[in-house]
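Student: Just passing along the structure, written as structure tokens.
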Amino acid sequence: MTSSDPTLRPERLPEDMDRALRPQSLEEFVGQAEARANLRVFIESARMRGEAMDHTLFHGPPGLGKTTLAQIMARELGVGFRMTSGPVLAKPGDLAAILTNLEPRDVLFIDEIHRLSPVVEEVLYPALEDFALDLVIGEGPAARTVRIDLQPFTLVGATTRLGLLTTPLRDRFGIPTRLQFYTEDELDLIVARGARMMGVDSDPEGTREIARRARGTPRIAGRLLRRVVDFALVEGDGRLTQAIADRALTRLGVDHLGLDLGDRRYIGLIAENYGGGPVGIETIAAALSESRDAVEEVIEPYLLQQGLIQRTPRGRMLAHKAWRHMGIEPPKGPGQSDLFG
């Protein structure tokens, strides 16, 4: 095994599309209490006014429920839902085809909106502000601009890289909403609900064990639940207990903090090859044979949230918690006393 277990990666996999396990309303949705409370107000206000809800931007690490919240918004607004992604919208005509087919007050969800091409983004501006499309017809001296009126709609954008959004695009979202990692208690509720939906008997200690190792991410919690249920059915009596959960997750390479082989390789690399850092992100990515984006978007957010690493102007450094977790003695060289003393 040379790379991290995809079970613990927060990117969407085909099995994550099981809609039966997804909450269907804000009432069912667990976690993100502040975001849910605000969305409930904005949704109710839009319904009372009979207008499209303001454009909304969800940002934060992957797997926290951006797509699910967008679908719930459309359902509670009582309107249609269309879904696409930034890389799919390669040219203005792709976006125009979607926008011109929206019904009044529909929700259009664009995942990975930070990956929109500049030419498509330019077409999106008047659509967001004036509900109109300005398209250039023809070429050269004969070219002319044609304005097409659109039905009022709500754009919901989702991004894991808020800093990559251009300022003009970011400023056109009236409701920017950051999604946070989930608490262990919240994930426990999600796992227990998932087990019930799957028709699996579970012990509180069993669901808690999965929640503890799910990296604060519901998508990962759902994946781990499915794998533990597999072990419970094949190697147990079908009941999700703490013992079967611990055995299954340990065999999957998931430790008690939720770190997998990829995370431990990252920490081990900095500890053993670079004395705990600082070391540049490009060096880390090259040594792990990963892209810089993969390291910054997939591996580092949870390590930062857990206080295992530090980002400094000179590069990444291990925090004392990382040394302790890996069972490695930190170096006693110059400059280490403040961090590890």
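Numbering starts at 1 and runs along the chain as it is shown here.
Note: Cβ is positioned from N, Cα and C throughout, glycine not excepted.
Checked Swiss-Prot, it gives:
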BINDING   Leu21, Arg22, Gly63, Lys66, Thr67, Thr68, Glu129, Asp130, Phe131, Arg172, Tyr182, Arg219  ATP binding site
BINDING   Thr67  Mg(2+) binding site
BINDING   Arg292, Arg311, Arg316  DNA binding site
REGION    1-182  region 'Large ATPase domain (RuvB-L)'
REGION    183-253  region 'Small ATPAse domain (RuvB-S)'
REGION    256-341  region 'Head domain (RuvB-H)'
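Walk me through the surroundings of each of these features.
Tutor: Every protein chain shown contributes to the tally, and the Cβ of Gly63 (ATP binding site) ends up with 27 other Cβ atoms within 10 Å. In the three-state DSSP assignment, the secondary structure recorded for Gly63 (ATP binding site) is coil.
The Cβ neighbour count for Arg316 (DNA binding site), using a 10 Å radius over every protein chain in view, is 24.
Here the region 'Head domain (RuvB-H)' (256-341) is broken down by DSSP into helix, strand and coil counts: 47 helix, 9 strand, 30 coil.
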Student: Can you tell me how spread out the DNA site is, meaning the largest CA to CA distance among Arg292, Arg311, Arg316, in Å?
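Tutor: That value is 14 Å for the farthest Cα pair.
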Student: Suppose the DNA site is Arg292, Arg311, Arg316. Which further residues of the same chain have a Cβ inside 8 angstroms of that site's Cβ centroid?
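Tutor: Other same-chain residues near the DNA site: Gly280, Ile281, Ile284, Val295, Glu296, Glu300, Gly315.
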Student: Nearest to Arg292 (DNA binding site) by Cα distance: which of the binding-site residues Gly63, Glu129, Tyr182 is it?
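Tutor: Of all the candidates listed, Gly63 is nearest in space.
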Student: Please report the three-state DSSP label of Tyr182 (ATP binding site).
Tutor: coil
Student: For Phe131 (ATP binding site), which of the three DSSP-derived states applies: helix, strand, or coil?
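Tutor: DSSP call for Phe131 (ATP binding site): coil, neither helix nor strand.
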Student: Check the region 'Small ATPAse domain (RuvB-S)' (183-253) for me and report the mean pLDDT.
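Tutor: Within the region 'Small ATPAse domain (RuvB-S)' (183-253), the model's average pLDDT equals 93.
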